[in-house]
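Here's the structure, in structure tokens; my notes come after.
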């Protein structure tokens with residue numbers, strides 16, 4: 001600057017002053033803010049990178065079903081549904097969730113097991129707990145007085161799952177119900193007949209259907225001295241006798257639900273009884289039960305029921321069991337539950353235990369709870385425990401080494417040569433048009449060995465082979481995959497020959 005004039009020196013000094021001035025407060029704050037954001041983003045990124053790998057799994061109490069499992073499950077469902085249809089039932093489906101207020105009063109002690117949905121549209125909703133309450137709502141909403149229906153669908157219960165025994169939080173139920181005013185015990189007897197047909201058809205082993213009547217249960221409670229305010233909760237405890245010993249149930253009644261010990265002991269005298277029509281007749285003479293008109297009404301219906309069961313040819317599969325209570329509050333009359341007597345994994349060895357595999361009963365007042373005018377539609381029905389049955393069937397198949405085909409393909413269209421995609425497409429379209437289940441590899445030029453291996457692995461019974469020689473001669477080869485035998489037939493008779501072989505197999 002010594003060579004600059006005074007003015008130029010002052011200008012230069014001012015310029016240097018501007019350049020060397022400390023940053024303003026606003027600038028400092030802005031810079032600090034940007035730095036803070038950058039640091040925070042960096043920390044978040046670091047934290048994200050340090051998180052453990054996400055575990056991919058299904059929610060607790062649920063599961064996926066593989067293609068092999070789906071084949072077994074569908075066969076079980078087909079047998080159950082065909083039985084329902086054989087008895088004249090119509091199919092029905094209802095929403096997977098219902099208005100919460102419609103469900104809460106119907107389950108009482110089981111209310112805490114329901115899955116509630118988050119309120120997003122002004123309606124409080126819950127996933128359905130069973131298929132019975134939605135059916136009753138459907139009858140009331142549509143003012144139906146008579147209906148014989150079946151329904152297959154998933155239900156949800158927030159229980160502790162026991163997956164090793166076929167018990168889940170999400171599971172499938174198959175229900176059959178008869179709604180309407182009919183002469184006593186005829187529909188009830190048919191429901192028990194259906195239960196026997198299904199369990200016999202599935203070949204699960206020996207089974208027993210335990211029956212009782214809620215009026216008999218309430219009568220027992222009354223003559224034993226159970227306060228009316230505790231009837232429902234004590235009945236809920238008694239329903240656990242299939243999972244707990246009488247000592248455990250008694251402890252729950254006394255210690256947790258406040259029942260007097262002497263009252264619990266009097267109940268214990270009754271729950272040991274089980275038998276057939278002779279037990280019903282003996283109970284009529286019981287000096288304690290004879291004091292209850294409600295119990296006598298139930299015993300009268302049970303006596304009539306056993307007569308119909310004898311005519312249906314299933315009386316030997318049914319046993320009156322006074323320990324059976326069925327905890328759901330909507331039951332009003334006959335109740336029943338099917339159990340497998342013993343399903344040995346191997347002769348004389350391990351036993352597969354899954355509890356009850358079917359249950360049901362009469363619920364005459366449920367529809368009236370939905371109907372604005374309180375109109376009664378008596379109902380009786382049953383529910384098949386598909387998951388537990390599936391568990392048993394699956395275990396038996398594992399023990400026997402039985403294999404399952406995951407497809408129903410009957411014919412595979414193949415070629416040993418290149419550039420024969422068009423011919424294969426024409427043939428497979430012809431087979432599909434004839435209703436034949438067929439497939440092919442999605443490649444222009446597949447290797448013949450690859451096609452043969454695919455057929456053998458998938459257990460496809462027949463293979464159609466087309467090549468240049470066959471096309472020129474107007475013929476086609478038909479190969480039996482199992483025996484590896486091949487025959488040459490006229491191209492025009494392909495469909496007829498395949499249909500003939502399939503009908504003979």
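Every residue, even glycine, has its Cβ placed from backbone N, Cα and C.
The feature L-histidine binding site is assigned by Swiss-Prot to 130, 131, 132, 157, 173, 177, 326, 330, 331. According to Swiss-Prot, the phosphoserine annotation covers 66, on the basis of a large-scale study or a structure entry. Summarising the annotation, Swiss-Prot assigns N6-acetyllysine to 443 and lists similarity to another entry as the type of evidence. As annotated by Swiss-Prot, transit peptide applies to 1-31.
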Within a 10 Å radius of its Cβ, which of these recorded positions (326, 443) has the fewest neighbouring Cβ atoms?
443
In angstrom units, rounded to an integer, how far apart are the Cα atoms of residue 173 (L-histidine binding site) and residue 66 (phosphoserine)?
19
Count of other CB atoms lying within 10 Å of the CB belonging to residue 66 (phosphoserine):
11
Starting from the Cβ of residue 173 (L-histidine binding site), draw a 10 Å sphere and report how many other Cβ atoms land inside it.
18
Quick one: of the binding-site residues 130, 132, 326, 331, which has its CA closest to the CA of residue 66 (phosphoserine)?
130
Residue 130 (L-histidine binding site) to the residue listed as 'N6-acetyllysine' - Cα separation in whole Å:
48
Which one is closest to the residue listed as 'N6-acetyllysine' in space, judged by CA to CA distance, out of the binding-site residues 132, 326, 331?
132
For the L-histidine binding site, please report the maximum Cα-Cα distance among 130, 131, 132, 157, 173, 177, 326, 330, 331 in Å.
21
I need the least crowded one of these binding-site residues (130, 132, 331), counting other C-beta atoms within 10 angstroms of each C-beta.
130
